[in-house]
């Protein structure tokens, strides 16, 4: 490091660059109940000691800068600084370490995920002393959780609104995702819902393009909802995507959905931004709308093992910002998801208290202090043969979304929906009777085919479909 030089301004200030670890590496520190705790996977540059790298992370994500400044003397840095209080090597990885950093609560604005992330996952990720940096987990203390509204309604209120109990919910993304006219889109929605699904969904790319303006889509979808409800006697929903180029336009679309009387709308929370998402979540609670959240762009942030941010952090942030549903991967479909890690962040989304469990990727005990839960949505390359595994893995409090697994049925959308509904109810009945779905799931589906020609046709179409690739994110 460069030598320190004393200025003429006064003997109390010495200009120059000093080692971060002299101030920000504090292994003797006892964490407080009010601290926000972070677990960073860091890969230091060659020659940089892990203690210096961990201290640099704590400094650059809190009060530090690259040099000593005289204004440090105008405040209590000891009160506001982040502290790297522990470092451990990553088993099986060369030159990778987990750095644990504690942040005092006063560093963050109440009720703002935007401010929280600006500090903790801000400029520090471009710091030259580090080859790579990944935020693996955050502990949000109850004192900070209580400053957030969280999901507009939560799992139990959603079930009460929809009058649906004792099973997973079923959904479907309308395909092709782009290019349909509003009228044909509404027809596809109607066919899926009358066939037995609970929800249909706008694709995340569907906003208000020239081939289908948002208001036209909203009107035809609302007509499909009411018609299918009248025919089936069940409450139906469609995730109308309110994501827009401005918050004002987003709220205008949400207002239209409310006036049409639909039960649920949708937002792309990463591309739309946390400020917009929190704004929409508050609107949804005030006006009785459920809020479905899509995670488009997440893999840009979370897919690399050594740099970025794990999805469990994005899931925690969404629960704070607000969303009743969140896409979470499937474990069994085409999109990535390792079982124990996926179930770890699924529990973080919907349970009230989660114990630390490193085998599931949970670095800290998390107490949500009765913040409403977010329902996980399993989607991506799933079909009727996956139903036993999905019911066994996710349980009842999940939404299972079959896009191609509904619309790809050889007889059409309604038979595809019926096949999924029959498969789900057969699996739920078998589970309730004490059967082991992990071992007997195939037999359960084959037995149900005998009294459901729609399911039999679906099973024949997808009997050979598998997505077998190694997962990237393993513990």
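Cβ from N, Cα, C; glycine included.
Substrate binds 123, 173, 177, 295, 379 as Swiss-Prot records it, and from the list 238, 327 the residue named for this site is 327.
Using Cα positions, the member of the recorded positions 201, 203, 204, 294 nearest to residue 177 (substrate binding site) is identified as 203. The Mg(2+) site, placed at the center of the C-beta atoms of 201, 203, 204, has further neighbours from the same chain whose C-beta lies within 8 angstroms: 173, 174, 177, 202, 205, 206, 239, 241, 266, 294. Residue environment of residue 177 (substrate binding site) contains 13 other Cβ atoms, counted within 10 Å of its Cβ in all protein chains. Checking Cα-Cα distances from residue 294 (active site, proton acceptor) against the binding-site residues (123, 173, 204, 327, 379) with a 10 Å cut-off leaves 204, 327, in sequence order. Using a 10 angstroms CA-CA radius around residue 123 (substrate binding site), none of the recorded positions in 175, 201, 203, 204 qualify. Residues within less than 8 Å, Cβ to Cβ, of residue 204 (Mg(2+) binding site) and separated from it by at least 6 positions along the same chain comprise 241, 243, 268, 271, 294, 296.
Between residue 203 (Mg(2+) binding site) and residue 173 (substrate binding site), the C-alpha separation comes to 6 Å. For the pair formed by residue 295 (substrate binding site) and residue 175 (active site, proton acceptor), distance between Cα atoms is given as 18 Å, rounded to the nearest Å.
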